[in-house]
């Protein structure tokens, strides 16, 4: 595309050099020039890569989509530039930023951010935020970015906590409602099903309404359905409220990763995603312990009241501490109205000559206006509630399909293991109480925790190493990162570790050995599976930089559906073939699928990425 905007080439680069030169004369300090342009130093600063670059022009050598040339609108401070009305750039790839900005570097000086006035802040109840909204989320200081990551991670703990907190109480719930264990297990399976489906709409709405509005709305509903679950009078009502509770809490599963992509550059996003996942993984760590203690002391209904209080606290936390981070919302009404007007104009042109010469033009104009409004409303409804299902079409891209497939098998194994722990240790030969069963979920959750803390930085280091090894640098000496580099020795270790943990767990509990053995196996399962989750999630945000939340929503959609199936069939399978053969078969499936996925991504990943970027507009219906 001849008018693509490239912030590192052409006239704009010369303008940046001129501005830097003038700034150096004003301050009479050569050190300031080095701080503002780290790529000019003798040794390139690889931490100064700002924007998502996996699909950028300098990497893939292909035209970028929907980007307008804004050289003429470049302002003197290089921090605010205007977009044309027809500019359709995505918030994930801010079109007016230099990747050599220093604020992402630990050694750099933070730039002044342009804050949005309180009266102009976006999102629901935006005036109550303590942290100010800024025009460019990448310009937040590192301290603020980590605080926002903590806020989103805390919100992300709610939905997984609600899915796991009832596990120690399932037997008591079945007795209370005079139901079977298989039926009550549906409270977990249906919860996972709702977490699979509803993020499609949460993700779509967040691109239009903004992140903040979706967070606050969904958590208000989360509190409501938790309360209704606590007052359930029969098992049907309990299952329905659990399902709706999962639908509300699922917003963070997709939108949360989008928020991380809003504020963090690719170079540091792996570590940020790892910290973000601490929330969703600390939920399952603490939930069974809390659920077991509450069930044994106050009864199973107290679990639902705890979730309502938790949701209310998170809602208040989000209201005060989370500003809007979406760079530029996608309008739905304006394109819908334009489509309706075009359709109406076409109908008028095709009208017969007799209709065209009618003397009562007012009726024709009124009828046309009504048709335009009606078609506009229908188009808006379609784009809001039907078009989000188009996200499934992303599976036609091999890179996305490969990532989602591997994450799905891993996540299904995780939830089958969770059901087995509750089922196995509550009966003979162990016969532990609810509190003890809750404590038995700690080892695998500790594995998740350890990998989240250290795994993200490790993967970011691997990406930098691979870029240096391949000599992938731009003309400024900055490293060029590619998402497929995240699948190196880290995922091979995970691909072997967690299936081995499954197999060891299955046979040790089958023979009733000391619980220390299966718990150690679960710890290594947690380490291995989290290595896979972190790599796959981050890769999806980089393969689809303009639709990061959509990629994560698709991943959640597929993997939670299979987790629902796994949760529903685990109990019958344990009774039929036992834990040993069940987890041996599951471990072999995970091992083979992991080896195939990693091999395919390493061999064909680059080719798939380039082809995907060229075809993705047709999937989005543009």
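Glycine is treated like the rest: Cβ placed from N, Cα and C.
Per TrEMBL, the features are:
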- 1-115: region 'Disordered' (REGION)
- 1-26: compositional bias 'Basic and acidic residues' (COMPBIAS)
- 73-83: compositional bias 'Low complexity' (COMPBIAS)
- 84-93: compositional bias 'Basic and acidic residues' (COMPBIAS)
- 146-171: transmembrane segment (TRANSMEM)
- 148-605: domain 'Major facilitator superfamily (MFS) profile' (DOMAIN)
- 183-202: transmembrane segment (TRANSMEM)
- 214-240: transmembrane segment (TRANSMEM)
- 246-265: transmembrane segment (TRANSMEM)
- 272-291: transmembrane segment (TRANSMEM)
- 303-322: transmembrane segment (TRANSMEM)
- 333-368: region 'Disordered' (REGION)
- 342-353: compositional bias 'Polar residues' (COMPBIAS)
- 391-415: transmembrane segment (TRANSMEM)
- 435-459: transmembrane segment (TRANSMEM)
- 491-513: transmembrane segment (TRANSMEM)
- 519-540: transmembrane segment (TRANSMEM)
- 552-569: transmembrane segment (TRANSMEM)
- 581-601: transmembrane segment (TRANSMEM)
Contact set, same chain, for the transmembrane segment (183-202): CB under 8 Å, 6 or more residues outside the stretch: 159, 162-163, 166-167, 170, 173-174, 177, 214, 218, 235, 238-239, 242-251, 253-255, 384-385, 388-389, 391, 415, 418-419, 552-554, 556-561, 563-565, 567-568, 570-571
Outside the transmembrane segment (272-291), six or more residues from its ends: residues with CB under 8 Å to it: 145-146, 149-150, 152-169, 252-253, 256-257, 260, 264, 303, 306, 418, 434-435, 437-442, 445-446, 448-449, 451-453, 455-457, 459, 530, 533-534, 537-538, 541
The transmembrane segment (214-240) touching the transmembrane segment (303-322) per 3+ Cβ pairs under 8 Å rule: yes
Touch test for the transmembrane segment (435-459) and the transmembrane segment (246-265), at least 3 Cβ pairs under 8 Å: no
Close approaches to the transmembrane segment (246-265) from elsewhere in its chain (Cβ under 8 angstroms; 6 or more beyond its ends): 49-52, 91-92, 99, 104, 137-138, 140, 145, 148-149, 152-153, 155-156, 158-159, 162-163, 190-200, 202-203, 206, 211, 214-215, 218-219, 221-222, 224-225, 272-273, 276, 279-280, 311, 325-327, 537, 541, 545, 548-550, 552-553, 556
Range from 146-171, 391-415, 552-569 with most C-beta pairs under 8 A to the transmembrane segment (519-540): 391-415
